[in-house]
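Notes to accompany the following structure.
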Ligand code: COA
């Protein structure tokens with residue numbers, strides 16, 4: 001079966017997480033992704049946080065499936081020549097080096113365009129071009145702090161907190177993938193390539209737009225009624241951390257269930273959606289709250305919201321998180337159990353949907369990885385294990401027209 005991105009060749013000059021997450025996704029959809037790595041070492045994540053001696057670490061294998069691996073030292077003249085050849089016959093080059101690294105290597109955007117005017121160059125950097133921090137190297141948590149996530153995450157009486165979700169890394173990679181696909185569509189119309197970039201700060205900020213909404217509301221009215229600080233606490237002039245409060249108009253909180261004393265994840269997230277108030281009162285055995293003016297509207301409930309949550313917790317104390325959700329779902333109440341990674345890894349639903357996939361790696365054996373989070377009605381996605389370092393070097397060189405003798409010379413020159 002042909003895949004949507006069949007025939008699109010991608011030079012994958014990415015490392016760590018932000019770039020590899022992007023190119024892996026494009027690999028799922030059929031692009032020929034050629035991961036270019038330094039001979040001998042490769043992507044630093046191959047050896048970071050290793051769990052099996054001698055095998056590529058999960059950090060690498062879970063971000064580099066559906067790719068071919070080419071080792072190439074692009075700082076040698078022979079290596080540069082190979083890269084030039086690749087640029088001439090490829091569609092996209094994706095990179096997330098530190099600022100200026102590609103220019104220092106001799107492959108500025110100008111040079112790439114000279115070699116192939118149809119080329120799309122896609123870059124991840126910490127900050128956007130021209131930003132006063134554009135020279136900074138950036139990792140995940142740095143981006144979360146710079147993009148507004150950390151200042152608005154956590155509890156009001158604690159420090160700024162980063163999220164476990166890779167808002168700076170994988171999220172930026174997903175943004176970049178949209179940019180690449182858009183540039184490919186535009187190229188179909190214009191015949192020209194272009195430079196596409198996404199900064200980690202911008203990608204984090206894009207997910208924090210409701211906090212920018214809140215800053216503007218705060219500037220106007222001086223308080224934010226959906227935050228736990230309202231009406232009993234106080235606000236300063238910046239959006240505060242709101243703990244587990246719901247980010248929109250529906251109050252919500254993480255609530256304890258049976259077993260919370262020993263199980264760190266025996267909780268559900270409970271949302272009090274306006275129209276579900278009556279069903280909630282029924283589920284809780286408090287039908288009188290449905291008609292009591294002190295509880296009937298969201299506005300009336302706000303000053304008692306933590307007492308209401310305490311009542312719900314009391315109702316939850318003899319129910320597991322799964323039992324609670326099974327009852328609440330019948331009342332149309334938006335809620336879910338807090339799931340641990342162990343529970344997600346074992347989830348039959350996620351295996352069935354292909355969201356978590358088991359693949360077989362030639363060195364490390366079977367491991368779990370995340371499949372395509374996007375599902376298609378007419379595309380079956382085959383998730384393949386990551387390549388070992390240089391697994392496809394000779395094959396890629398042969399594709400480029402190198403003879404067996406030339407390939408041997410490149411090996412001798414340590415260019416590959
Ligand atoms: N052959 C020869 N040299 C190679 C090479 C190859 N195949 N691949 C990479 N290199 C070189 C680069 O040319 C560069 O050399 P230079 O600094 O002498 O010019 C060097 O290896 C890589 O540098 P850099 O990307 O800055 O690596 P780092 O380990 O110092 O920094 C990051 C890592 C992630 C902090 C940095 O790459 C960065 O800020 N990237 C942009 C933001 C980003 O994506 N961060 C999140 C990562 S999840």
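Any Cβ shown, glycine's included, is placed from N, Cα and C.
Unlike curated entries, TrEMBL annotations are predicted automatically.
In TrEMBL this protein carries:
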BINDING   15-18, 38, 72-75, 96-98, 104, 137-140  CoA binding site
ACT_SITE  169  active site, nucleophile
BINDING   248, 249, 250  substrate binding site
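Same-chain neighbours of the substrate site beyond 248, 249, 250, judged by a C-beta within 8 angstroms of the site's C-beta center, are, in sequence order, 226, 246, 247, 251, 273.
Secondary structure at residue 18 (CoA binding site), taken from DSSP and collapsed to helix, strand or coil, is helix. Sequence-distant contacts of residue 73 (CoA binding site), defined by Cβ-Cβ distance under 8 angstroms and a gap of at least six in the same chain, are 38, 39, 79, 414, 415, 416. Spacing of residue 250 (substrate binding site) relative to the residue listed as 'active site, nucleophile' is 29 Å (Cα to Cα, whole number). Non-local contacts of residue 18 (CoA binding site) by the CB criterion (under 8 A, 6+ apart in sequence, same chain) comprise 96, 124, 168, 169, 170, 172, 173, 176, 200. Among the binding-site residues 104, 248, 249, 250, residues whose Cβ is positioned under 6 Å from ligand 1 are identified as 104. Recorded residues residue 104 (CoA binding site) and residue 248 (substrate binding site) have their alpha carbons 46 Å apart, per Cα-Cα distance.
Here residue 249 (substrate binding site) is positioned 33 angstrom away from residue 139 (CoA binding site), judged by their C-alpha atoms.
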